[in-house]
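Worksheet for the structure shown next.
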Amino acid sequence: MRLIQALSLCLALSLSLAAPPQHKEDHSHKGKPGGEGHKHELHHGAQLDRCKGIEFDAVAVNEEGVPYFFKGDHLFKGFHGKAELSNKTFPELDDHHHLGHVDAAFRMHSEDSPDHHDHQFFFLDNMVFSYFKHKLEKDYPKLISAVFPGIPDHLDAAVECPKPDCPNDTVIFFKGDEIYHFNMHTKKVDEKEFKSMPNCTGAFRYMGHYYCFHGHQFSKFDPMTGEVHGKYPKEARDYFMRCPHFGSKTTDDHIEREQCSRVHLDAITSDDAGNIYAFRGHHFLSITGDKFHSDTIESEFKELHSEVDSVFSYDGHFYMIKDNDVFVYKVGKPHTHLEGYPKPLKDVLGIEGPVDAAFVCEDHHVVHIIKGQSIYDVDLKATPRKLVKEGTITQFKRIDAAMCGPKGVTVVIGNHFYNYDSVQVMLMAKIMPEQQKVSQQLFGCDH
C-alpha cells in the first residue's frame, strides 16, 4: 500500500513539473471593442490569411510608403502577399520585449523635427520603439510616458497628422473611445471626442487621407473633428487588400471597389477605340466613355485566369503577358482567345519575363517594354522580331503599369500616375511631371 502511495506521489510531482506554466500576461484594456478587452493572440506558427477577414493590431507605412499591417507576431507588407514574422524585419522587438503583438504604430511626418521625421514608432504595452530605415534608434525602447508625456499605455492605435492637415505637427492616439492629440513641438496633449467614429483598432494616413480600422472594416475620418463623411464603414478587403472572392456584391459594389481601391494596378491599356482596361489581381475595370464595367479576369479572359504582368493593345488585339507567356485575344464582345496561344514571351517579343509594363502608342507598330529601369523596343511588323534597348528611365526605380494614348504616355506607380508627351520626353525628363491619383483623377472615385 505504501509503495502505491509513493508511486502516486512521484507521478503527481513529475506531471506538475512537466506542465507548462500558464501565460499570465494580460494585454486587455478597458474600452476596446469586443467586451472587457481586445485580446492579441500569438500566432508564431500560424498561417494567416488576410482575405478571411482579419482585425489588425496596427497599421503604418514605411519611409517608402509601403503599408505594414500587424497581426499578433506577424506582419503583412503591402496589399498582397503572405505574412511574415515581425521580428524578421524588426528583430529588436523580440530582443527587448517578447513580441506578442504591436499595439499601435505610425510613421512620423514632421519636417520641422529632423530627429523624428520619417521615423517609424511602434508601441508595445508601456514601451515605444523608434526605427529609422529599419534600424532601432539609440537608447530605444523607452517608456511611452518619457517620449509622449500624457499619453497612456496599452494603446489601440496611433496616426501622424502633419501640417496643414492639423494646425501643428501632431500625433493622434486612440485608446477605446478616448482620443489624444499630441503636439510634437509643445508636447501638449488635447483630449478630444470623436462621436461619429467607432473605436479604432488601427489607424493610418495614406494618400493624404485618414483611415480608422475596426474589425475588417474601415472608415475615412477628419483628423481634427473625427467626422466621417460618405458611405462608411467599408470592407477593408475591397480597398486595401488583393482578395479574389468574398461576400456578395452588387454590380455597383464591384465598380466602386475597382475605381477606389488603393491596391496598385498590375496592368493598364487603351484599345484602338480609346477604351481603357485596368487589371488588378483577379479583377479588371473597363471604361468606355463615361460608362464603367468591372468583372473577374476569368469571366472574360478565362485562359488567363488572373493576375497579369502587363497588357498592350495592337491591331485590334490584346497582348497579355503573364510570367514568361503571352496570351492574345481579339477585342470584341466577347473577347476571342487566339488559337496557338499562350506562346513563350521569348518567342513572341524576344525578351525573358517577367516584365513590368508594355504599351504601343497610336498609329505605331512598336511595342515599348519596361523591365526595371530599362525600356526596350520591338517592331511588331518585323520578321523576325528583334529586341532593341531604347534607353533607361531615371526618374523611377520601378513602374507598375503604363499605357499610351492621345495624351501621351501614362506611367502608373503605386496609387499615382504621371503623364509624358512621348516616350522620348519620359526618357529625357529632368523635372518630375505632376503627380496625380489613380483612384480619383484616372478612375473618377469620389472618396
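Glycine is no exception: its Cβ is also placed from the backbone N, Cα and C atoms.
Sequence annotations record features per position, and here Swiss-Prot assigns heme binding site to H293. DSSP assigns H293 (heme binding site) to a strand segment in the three-state reduction. When other Cβ atoms within 10 Å of the Cβ of H293 (heme binding site) are tallied across all protein chains shown, the result is 16.
According to Swiss-Prot, the compositional bias 'Basic and acidic residues' annotation covers 22-44.
Taken from Swiss-Prot, the feature N-linked glycosylation site covers N87 (among others). Of all Cβ atoms in the shown protein chains, 16 besides its own fall within 10 Å of the Cβ of N87 (N-linked glycosylation site).
The Cβ of N168 (N-linked glycosylation site) has 16 neighbouring Cβ atoms from other residues within 10 Å, across all protein chains displayed. Residues or ranges marked as N-linked glycosylation site by Swiss-Prot: N168 (among others).
What Swiss-Prot records for N199 (among others) is N-linked glycosylation site, and it gives sequence analysis as the kind of evidence.
The region 'Disordered' feature in Swiss-Prot is assigned to 20-44.
Across the residues of the repeat 'Hemopexin 1' (53-93), the predicted structure has a mean pLDDT of 87. For 53-93, the entry in Swiss-Prot reads repeat 'Hemopexin 1'.
Here Swiss-Prot flags 99-151 as repeat 'Hemopexin 2'.
Taken from Swiss-Prot, the feature repeat 'Hemopexin 3' applies to 152-197.
Among the features that Swiss-Prot reports, repeat 'Hemopexin 4' is placed at 198-243.
Taken residue by residue, the repeat 'Hemopexin 5' (262-304) breaks down under DSSP into 4 helix, 21 strand, 18 coil. The repeat 'Hemopexin 5' feature in Swiss-Prot is assigned to 262-304.
Break the repeat 'Hemopexin 6' (305-351) down by DSSP state and the numbers are 5 helix, 21 strand, 21 coil. Taken from Swiss-Prot, the feature repeat 'Hemopexin 6' applies to 305-351.
For the repeat 'Hemopexin 7' (352-395), the DSSP-based tally of helix, strand and coil residues reads 0 helix, 22 strand, 22 coil. Annotation source Swiss-Prot lists repeat 'Hemopexin 7' at 352-395.
The annotation repeat 'Hemopexin 8' is assigned in Swiss-Prot to 396-441.
Feature annotation from Swiss-Prot assigns signal peptide to 1-18.
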Rounded inter-Cα distance in Å - N199 (N-linked glycosylation site), H293 (heme binding site): 35
Stretch-level contact, the repeat 'Hemopexin 1' (53-93) and the repeat 'Hemopexin 4' (198-243), CB cutoff 8 A, at least 3 pairs: yes
Packing count at N199 (N-linked glycosylation site) (other Cβ atoms within 10 Å of its Cβ): 20
Helix, strand and coil counts within the repeat 'Hemopexin 3' (152-197) (DSSP): 0 helix, 21 strand, 25 coil
Residue pair H293 (heme binding site), N87 (N-linked glycosylation site) - Cα distance, angstrom, rounded: 42
